[in-house]
Amino acid sequence: MSSKVLPAGSIAIPGRRRLDSLTGLRFFAALAVFGFHGMHYGVQGDGFALFAAGMSGVSFFYIVSGFVMGWTARENDTRTLFYRRRIARIYPSYLVVWAVTLVLMLAGKRDVGAVDFLPLTLLQSWVPNETVYFAASAVFWSLSCEAFFYLVFPWIFPTLAKLSVRGILVGLSGIVVVLAGLALVLAPAFDSPVVFWFLVIFPPVRLLEFVAGILIARLVQRGFKFSFPLWAAVVLALGSFVAAGYAPPTFMRVVVTLIPFMLLVWAAANTDLAGARSVFRSKWVVRLGVWSYGFYLVHSQVMAVWFQALAFAKVDVDALDGALLVAALVGAFVVATATAAALYHWVEHPMEKRLRPKPALVDVTR
C-alpha cells in the first residue's frame with residue numbers, strides 16, 4: 001500500500017492561494033471560547049448568557065482545520081512528512097503550556113496525579129471520564145481530537161479527494177443529518193456523563209466537522225459556483241451563535257451553528273480567492289488569528305491566575321457584576337493575548353521552523 005497522502009496523478013488539485021480571512025476568523029472563534037469560560041466568574045447576567053454557546057468556537061476550529069488540510073494537500077506528500085509537519089505545528093506549544101499548567105497546579109496546592117500526565121499522549125478524549133478528558137486543563141481535550149483528525153487524514157483524504165461535486169454535496173448533507181440525528185436521539189439522555197462524552201468529546205464523532213471542512217475545500221477546488229456574501233455569512237453565523245445559547249444542550253455546541261459555520265468558511269475562502277475586501281484580512285485581525293492557537297491554549301489558565309490575583313488584592317471576585325466583571329475579563333483577555341503572542345514568537349513559530357521537514361509547504365493560513 002502506498003505511503004503517499006495523495007499519489008501523483010491520482011486527482012487534480014489546483015494551486016493554492018493564501019486565505020488570510022480564515023486566519024482572522026480563528027481569533028473570533030477563540031474569543032467565543034474565552035467568553036464561555038468567562039461566564040464561570042462573577043455574577044452571571046443575561047449579557048454573559050450570549051456566550052453560553054461559546055464552545056461552538058471549537059466546532060469552527062475543526063471545520064477550518066479540515067478545510068486547511070484539504071486545501072493544502074499536495075501530490076507525493078508522504079504520511080511521515082505530513083505527521084512531522086502537524087507535530088511541529090501543534091505539539092511544542094502544547095507541551096510548554098501543559099508543563100506550565102502543572103507548575104501552576106502545584107503552586108496552587110492542587111493535587112497532581114498520574115491522570116494529569118495523560119494529556120502528553122493526546123489520548124485523553126478517548127476515555128469517557130471527565131477527570132480524564134479534562135485532566136490538567138479543560139481545553140486540552142480538543143487537541144486530543146485534533147491529533148486523531150491528523151492521524152486519519154492521510155488515510156481518508158484520497159477517497160474524499162475523488163468525490164464529484166454531487167458526492168461532496170451528498171457528503172456534507174449526510175454530516176448535517178447524522179449530527180442532527182445524534183443530537184435528537186440522545187437529547188433525553190444528555191444528563192448521562194457517557195452521552196455528554198460521546199457527543200462533545202469523542203474524537204470519531206467530532207471528526208465529522210473536520211471532514212466537513214475537507215469537503216468544503218474540495219468543493220472550492222472543484223470550481224463549484226455558489227455565491228454567498230461574506231457579510232451575510234457573518235450575520236448568519238452570529239445569529240446562529242446567539243440562538244445556540246438558547247438551544248437544547250445536545251444542539252448547542254455543534255448542530256445549530258454547523259451550517260452557518262460551513263457557509264462562513266465557504267464565503268471567507270471565496271472572498272479571499274476573488275481578492276474582494278475582507279475585514280478579517282486586516283493586519284491586526286490576522287495577527288490575532290496567528291496567535292489564536294496559543295490564546296486558546298493559555299486563556300483558561302491565565303483567567304484563573306488573573307482572578308486569583310484579584311482575590312489576593314481583596315477584590316470580591318464572586319460579587320463582580322456588570323461593568324466591573326467586563327473590566328476584569330478585559331484585563332484577563334489582554335494578559336492572555338500578550339501571553340499568546342509570547343508563546344507564538346518564542347515557542348510555536350521557532351520550534352515549528354526547526355522541527356518541520358525541509359522544504360516545508362507553505363500553509364494557507366498563518
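Placed from the backbone N, Cα and C atoms, the Cβ positions cover glycine too.
As annotated by TrEMBL, domain 'Acyltransferase 3' applies to 20-341.
The transmembrane segment annotation in TrEMBL covers 21-42 (among others).
The annotation transmembrane segment is assigned in TrEMBL to 48-69 (among others).
Only residues 6 or more beyond the boundaries of the transmembrane segment (90-108), in the same chain, are considered here, and those with a CB under 8 A from a CB of the stretch are 116, 119-120, 136-137, 140, 143, 146-147, 293-294, 297-298, 301, 304-305, 308, 343-344, 347-348, 351-352, 355. For 90-108 (among others), the entry in TrEMBL reads transmembrane segment.
The transmembrane segment annotation in TrEMBL covers 132-156 (among others).
Under the heading transmembrane segment, TrEMBL lists 168-190 (among others).
Within the chain carrying the transmembrane segment (196-216), a Cβ under 8 angstroms from the stretch's Cβ atoms is held by residues 55, 59, 62-70, 125-126, 128-130, 133, 141, 144-145, 148-149, 152-153, 156-157, 160, 163, 168, 171-172, 175, 178-179, 182-183, 186, 190, 250, 253-254, 258, 262, 265-266, 269, all 6 or more beyond its ends. As annotated by TrEMBL, transmembrane segment applies to 196-216 (among others).
Annotated transmembrane segment per TrEMBL: 228-245 (among others), in sequence order. Long-range contacts of the transmembrane segment (228-245) within the same chain, counting only residues at least 6 positions beyond its ends with a Cβ under 8 Å from a Cβ of the stretch, are 21, 32, 49-53, 56, 251-253, 256-257, 259-261, 263-264, 266-268, 270-271, 276, 278.
Here TrEMBL flags 251-269 (among others) as transmembrane segment.
Under the heading transmembrane segment, TrEMBL lists 290-311 (among others). Within its own chain, the transmembrane segment (290-311) is flanked in space by residues 23, 26-27, 29-30, 33-34, 37-38, 41, 61, 90, 93-94, 97, 100-101, 104, 108, 137-139, 317, 328-329, 331-333, 335-337, 339-341, 343-344, 348, 366, which lie at least six positions past its ends and keep a Cβ under 8 Å from the stretch.
As annotated by TrEMBL, transmembrane segment applies to 323-347 (among others). Beyond the transmembrane segment (323-347), the same-chain residues lying 6 or more positions past its ends with a Cβ under 8 Å from any Cβ of the stretch are 34, 38, 41-43, 45, 48, 92-93, 96-97, 288, 290-295, 297-299, 302-303, 306-307, 310, 315, 317.
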Spatial neighbours of the transmembrane segment (251-269) far in sequence, C-beta under 8 Å, 6+ residues away: 19, 21-22, 25, 52-53, 55-56, 58-60, 63-64, 67, 71, 172, 175-176, 179-180, 183, 187, 199-200, 209, 212-213, 216-217, 219-220, 226, 228-230, 232-234, 236-237, 239-241, 243-245, 278, 280
Interface-richest range of 48-69, 132-156, 168-190 toward the transmembrane segment (21-42), CB pairs under 8 Å: 48-69
Outside the transmembrane segment (168-190), six or more residues from its ends: residues with CB under 8 Å to it: 160, 196, 198-199, 205, 208-209, 211-212, 215-216, 218-219, 222, 224, 248-251, 254-255, 258-259, 262
